[in-house]
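For reference, the structure is listed below as structure tokens.
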Amino acid sequence: MAKDNAASPAGQEVRPRRRGRQRYVEKDGRCNVQQGNMRERYRYLTDLFTTLVDLHWRLSLLFFVLAYALTWLFFGAIWWLIAYGRGDLEHLEDTAWTPCVNNLNGFVAAFLFSIETETTIGYGHRVITDQCPEGIVLLLLQAILGSMVNAFMVGCMFVKISQPNKRAATLVFSSHAVVSLRDGRLCLMFRVGDLRSSHIVEASIRAKLIRSRQTMEGEFIPLHQTDLSVGFDTGDDRLFLVSPLVISHEIDAASPFWEASRRALERDDFEIVVILEGMVEATGMTCQARSSYLVDEVLWGHRFTSVLTLEDGFYEVDYASFHQTFEVPTPSCSARELAEAAARLDAHLYWSIPSRLDEKVEEERAKEGAGEGAVGEAGADKEQNGCLPPPESESKV
């Protein structure tokens, strides 16, 4: 069966399209998880403030309007009942009658007086008199409850407006992750950047490998999470995110990709979730940006194109090349096989260097021995020329 080729940007290899895996985290950071069969929904009411903040804007505005409108209607009805119970509505034209609220001649007037009381407008046309103790108690009660409603609803709207969720939209991740050599070791890398000039304070990066696994006892664990080290031990996970940075995960013996070759990686089924956290410089609130990479989005033997250039007095970032990669020579074997090959090479060099040194020492000794023999022959010639009498002549004498 023919396979369609996946379209890819310039500088990236074309790889065959495979059956898509259901993402755990979308590319824009949304978690693709829905809560179902929740029978204890009353727990949402125990934290009503967070529930209202988490609602969609249309529902939040609806609750905001209803909170004020229902409060005004409720107290307006009570003001009308007080006027009706005292008989104020029957003595509207009686100048000698002292009502609870002056100029309150119906429900509409009571509703308007409730709005004026709770919002402290005070137009001066409708006022409470001192001959109505129940009205004074109701006035105090509405003033207190109105302040509580104002504090609660205004607080919800302020927190919802100042939420740093939209700040995460200007924190970008590269569309692909790459695997290539860095300092002689295989590394899994991706790039992060900040589009705003106001920076993220105390930024830190984390990476999780999402992959199902089965235990030795036969238990199946779906979506098992494994940490991918991105420099926690060395402090490289704490970022100074002024310009785009390439985050590197070294594939060593502690990495889950230690025994994964290029072919094995392409046949595998996993998802890498990356999480960038920090405080927004303008507001001081914590912000979190997320993204993920599937198997098809991990390019073996690629490296990111540089986006930083030095201009006249400043550095310039070219975000047009932020997602671009290019191919580099990279072995297709696993990191374990690469390390074993490097170890064998080191062992060969370790044993070959002393043997070569021994050969040089032997050559030098041979040269020295040859030189001493030549000196002895020269001395014998000198003895024969009369410098020293030969031993035979001495015996004859």
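Backbone N, Cα and C atoms are what each Cβ position is placed from, and that goes for glycine too.
What TrEMBL records for 361-370 is compositional bias 'Basic and acidic residues'. Residues or ranges marked as compositional bias 'Pro residues' by TrEMBL: 388-397. According to TrEMBL, the feature domain 'Potassium channel inwardly rectifying transmembrane' maps to 25-164. What TrEMBL records for 171-341 is domain 'Inward rectifier potassium channel C-terminal'. Per TrEMBL, the feature region 'Disordered' maps to 361-397. Annotation comment: TrEMBL describes 61-82, 136-159 as transmembrane segment.
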Long-range neighbours of the transmembrane segment (136-159), counting only residues six or more past its ends (CB under 8 A): 49, 52-53, 60, 63-64, 67-68, 71, 75, 78-79, 82, 114, 117-119, 128, 130
DSSP helix/strand/coil residue counts for the domain 'Potassium channel inwardly rectifying transmembrane' (25-164): 86 helix, 4 strand, 50 coil
Mean of the pLDDT scores, which run from 0 to 100, over the domain 'Inward rectifier potassium channel C-terminal' (171-341): 92
